[in-house]
Amino acid sequence: MTILNHTLGFPRIGLNRELKKAQEQYWSGELMIKDLLLVGSELRKKNWQKQKESGIDYIPVGDFAWYDHVLTTSMMLGNIPERHNNTVDSIDLDCLFRIARGCPPDISASEMTKWFNTNYHYIVPEFYKNKVLKYSWKQILDEVDEALLLGHKVKPILLGPITYLWLGKVKGEYFDRLDILKDIILIYKHVLKELSNRSIDFVQIDEPVLVLELPKKWKDAYHYAYKELSGITKLLLTTYFDSIEHNIEFIRDLPVQGIHIDLVHGKYNLKNFSSKIPSEWMLSLGVINGRNIWRSDLLKWFKSIKSISNHHRKILIGSSCSLLHTPIDLVAEKHLDKEVKRWFSFAVQKCEELRLLSSALNDNDIDSIKEWSLPIYERSVSKRVNKIEVENRLSNVLIDKHQRLSPYKTRSIEQNKKFNFPILPTTTIGSFPQTISIRKLRRDFKLGLVTEEEYTKIIKKNIKKVIKIQEELDIDVLVHGEAERNDMVEYFGEHLDGFAFTDNGWVQSYGSRCVKPPIIIGDISRPKPMTIEWSKYAQSLTKKPVKGMLTGPVTILLWSFPREDVSLKKIATQIALALYDEVLDLEKEKIEIIQIDEPALREGLPLRKSSWHEYLSWAVDVFRLSASGVKNTTQIHTHMCYCEFNDIMDSIALLDADVITIEAARSDMELLESFKKFKYPNEVGPGAYDIHSSNIPSVQSIISLLNKAMKYIPLKRIWVNPDCGLKTRNWNETILSLKNMVEATKILREKMKDSECD
């Protein structure tokens, strides 16, 4: 039986980030809606054609989104929060963007969080009791029609109904969100009927929550949902990011026609798994890693798939997950070292890998895949990869270096005496707005168009401006603004040995936000200080403390494309040792507050709780290692993004940061409930306003949020700060927002003084 191939999705941003640029032009009023729609249409055509030319048999349709695919599903279901509704009973792109971004002056955006354990984000669906859901957004049908008209062999993609419900949150009056499953299923049935009328072979229906440890009522919901959806069109139940072996007993009873499994990130005995599922099911094997950039060992996969390919079952081969998480095309990289470039495979090359592998399997000819796999061996013996001096230092790391000199209670007394901050001390998270001219300066400096002297002069001028603004606003703890940094991970990668960098390796994080992850190609070490010059200069401009700003070891690891030949723990420990040296150098230069950001800490958790302990153990260890050399009077801060903290509070506390800042504003301080329950002992900056929205927070809204925070955290341990860095905001928004933040804080301080007098 012929083995066909498919991808689970393709990057949507465009090779030159065309979607990002068009979105931002539309939001700023520089682009008409018809022009934005045209950009989307052209990108879809290019993506479909590129996959077809690369040898993909089934072209995925439904992977394109104007912000994220979960929000697209909310639009399809008519699940629009009332505050975002149009004045007339209709929905449109502006409605979608309001949900994602909010609307000035005071319509808040919906919450945003991480997509499973990736650095991609989605807008969290909001579920309200008695909300009427109805089919409202026909994007999937329109795009299927587009692709069919172009002659493609189409495979529509839908986010599965159970996963959609799992990812959302009940708002307002509580009810069981599974109560609305029936209404959702009616809409899915309508969409599937429409798709069945379009002569497609099957629908890819994504249910990644099947890799989790599900409560019984959610398993029961699967039985109900897929019984209702059966018989309309063929369904390929699609899972990724981990194994579903633990759930196979109920999955195999679902009335679907096939299953996709992630063989890269899930542990499977393929022969055994194949024997457990119905013989008539298609089996789609995710063998090409959709989350990393390394060239695939096609010989390994050839042997594995051959072992079951004569079992008279229809087999598909595909990417492990959507290729959304990888850069688009390696051919666009003109400056990568030739040796290193041969080690990589981006989205287009992964399509070619699928073509090579399916051809080899069908023709029983391995010559082409042998040739493809040669660079994998070359890399294993390259001197760029393993370095004896790094290995030697690693072997001498002792566990007692993973802690501060004294416990927090002792340190806090010494720090309070040293800094004498007022109650509710104010600070920011690190970055300040980056103008077009600053981005151009960095680019020109890299290209050699600007001298180091000119570059340094302009960066220092920017630092001086940032310090002056913060002093005028009367912020207590300052930052230098990070004008020299393109990205909080890439910057450190550029100053560490063991990394490679792309010119165009962009990956979508959320909406128009794209990141360009560095690639960890070998052992990591710090050849020289990375941040000292800028922090030292900033501190020389003010008597107020200026924070040294570092990205933590887990975040550098997880927001890079990591090696696959050594453990993540080993890579993280190498990074921690480099940061340990940097922290001590900052302290020597009288930088007495040092922030080590770990926004990715929770993202790295294995998807199943039973596997959490090992990861959290080393993740905590490497953070503590990086901060372990400083004096009691040196204050260590950390920052975390979009986290559900409830089930990892033990580990958060074990980090032993003197101050943790988090993103609780967008959740209306709900995230602090876990800090209260745990009786978190250290200081907390919960985030006084949401920086991801262009709304200027009012003084009263900030006071309201801080009053809520005081219900969870003792007043003396609360810091006041924006909920994230300010790089993506403009200067006017930033100054007005910070002005209101400081004013709100001063009002509360006066109120506290008055209450003390009373």
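Along the chain as shown, the residues are counted starting at 1.
From the backbone N, Cα and C atoms, a Cβ is placed for every residue, glycine too.
According to Swiss-Prot, ARG17, GLU18, LEU19, LYS20, ARG513, CYS514, TRP559, GLU603 bind 5-methyltetrahydropteroyltri-L-glutamate; the candidate from LYS114, LYS417, LYS418, LYS679 that the record adds to this site is LYS114.
Residues ILE429, GLY430, SER431, GLU482 are recorded by Swiss-Prot as L-homocysteine binders, and the candidate that the same record lists for that site, out of ASP297, ASP597, ASP621, ASP647, is ASP597. Cross-referencing CYS351, CYS724 against the Zn(2+) binding annotation in Swiss-Prot, which names HIS639, CYS641, GLU663, picks out CYS724. Of all the Cβ atoms in the protein chains shown, 25 others lie within 10 Å of the Cβ of GLU663 (Zn(2+) binding site). Per Cα geometry, HIS692 is the residue among the recorded positions ILE429, GLY430, HIS639, HIS692 nearest to ARG17 (5-methyltetrahydropteroyltri-L-glutamate binding site).
Within the same chain, residues at least six positions away from CYS514 (5-methyltetrahydropteroyltri-L-glutamate binding site) with a Cβ under 8 Å of its Cβ are ILE13, ARG17, LYS20, TRP506, VAL507, GLN508. CYS724 (Zn(2+) binding site) and GLY430 (L-homocysteine binding site) are 8 Å apart (CA-CA, integer value). Here the recorded positions are LYS114, HIS639, HIS692, and the one ringed by the most other CB atoms within 10 angstroms is HIS639. Using a 10 Å Cβ-Cβ cutoff, GLY430 (L-homocysteine binding site) registers 26 neighbours.
When secondary structure is read from DSSP and collapsed to three states, LEU19 (5-methyltetrahydropteroyltri-L-glutamate binding site) falls in the helix class. Using a 10 Å Cα-Cα cut-off around CYS724 (Zn(2+) binding site), the recorded positions LYS114, ILE429, GLU603, HIS692 reduce to ILE429, HIS692. Within the same chain, residues at least 6 positions away in sequence whose Cβ sits under 8 Å from that of ASP597 (L-homocysteine binding site) are GLY430, MET488, MET549, LEU550, THR551, GLY552, THR555, THR638, HIS639, MET640. Of all the Cβ atoms in the protein chains shown, 23 others lie within 10 Å of the Cβ of LEU19 (5-methyltetrahydropteroyltri-L-glutamate binding site).
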